[in-house]
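Below: the structure, in structure tokens.
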Amino acid sequence: MGELAMKKYLVEVPEEVAERLAKAGTVSMHIENQWLVIRPDDGTALIPQLKFASYGLPAVVLAGVFLAGIKWWLPQVHTLPWSGDYSISSAIATLGMISGVLAFMVAFVRQKLSQHGPVATFTWRSLFPLLIACAMIIAITAEGTGWLIDRLFPGLRLDLYTATVLVMVGVSIVNYLLINLAYTLSPGVVINLMTVMIVGGVGVSMLANPTKNWWQHNFSFLGTANSGTAWQFNFTLIFSGLLMATLVDYLFVNLAPQYHTKKTLWLRLLLLALAANIAGIGLFPNDPKYHLLHDRIAMWLVYLLWLLIIAVRWCLPGVTKQFLKVSYLIGAIMVLDYFMFKVVGYLSLTAFELLAFALAFAWLLLLFQYIEHLLPAGQQVLPVKLQPVKNE
């Protein structure tokens, strides 16, 4: 492949940007999705540089507290199980949630106060849902890992000092990941958080459910009092709805300067109503006390999804034919799913609910990614002038 033909151009950028580029050393330009990006040649300059004290030191302190607490309150205990009460996984989950959430909050607040970093474009009201999402993902991951290791190594027990080292390593990893998350936050990251929280929470509720034949009832059975994992399922839905509302708020606040119309306002309200319905399904589980309300909210959720799929043609700025085709296809499959369950009776209630859930979730992810591409998420757009330089 031959070398590209080069032509001299003078690039004019704001003085502040020029100073920042000078500190970064040599820079280069590349085209990324029709964007002309100027970045340092040294890619490590873009990676958050974290000191051990910010993530490792809290882990060492908490591991020491963990060991001292076991020796003080449970002097007769010399080994700990991996899962269950007073276990290694529960210690990692509890201490990791405390330390990791605090680490994320400190990094978020620092960026917000200094107005530097990706967090600067998020509102203060988004902090609480993000903290809850981080805490839930830590809990889901710890419980899922504990369940898996318990299946691979039944009855596994470790001595206190080995357990303490594992707790220290686990909390350090959680701290490191959440601080990095705070310094790389974007709508795409929030979408991934929501995906992990929903898939992880629902998946753990299915796998760890002591009622193995739950699927013979219905999908909503996972949130009832008869389910052994009701709190995981219901909390997942409640805080997924809250996180979705945060994502909608962020996207449309940053979308407003370019696309502030009544149509986008209606789209925002419909998505917020959908988020409220998702949270409502978890808030009012399918127990006898809330059965009617639960069913009504579930049906409103379906109606809102159909309405959104129809409305995006007029409410979504710059919507493409390809996106509309995919949306209508998903909507048609959802209608067919309902018909095969309600009219034909071919699908069971569980199969109908699982398929509808998967289709709705997939379409929402596509919609959020599409909206994300309409705005320069987490980036600062600056005026740049390109002037050709005449050869002397």
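Glycine is no exception: its Cβ is also placed from the backbone N, Cα and C atoms.
Sequence annotations record features per position, and here TrEMBL assigns transmembrane segment to 55-74, 86-109, 161-183, 190-210, 230-253, 265-285, 297-316, 323-341, 347-368.
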**Prompt:** Under a Cβ pair cut-off of under 8 Å, which of the recorded stretches 55-74, 265-285, 347-368 contacts the transmembrane segment (161-183) most often?
**Reply:** 55-74
**Request:** Would you confirm whether the transmembrane segment (297-316) and the transmembrane segment (347-368) meet the contact rule of 3 or more C-beta pairs below 8 angstroms, pairs 6 or more apart in sequence?
**Result:** yes
**Item:** Long-range Cβ neighbours of the transmembrane segment (323-341) (under 8 Å; 6 or more residues past either end)
**Value:** 302, 305-306, 309-310, 312-313, 316, 347-349, 351-352, 355-356, 359-360, 362-363, 366, 370
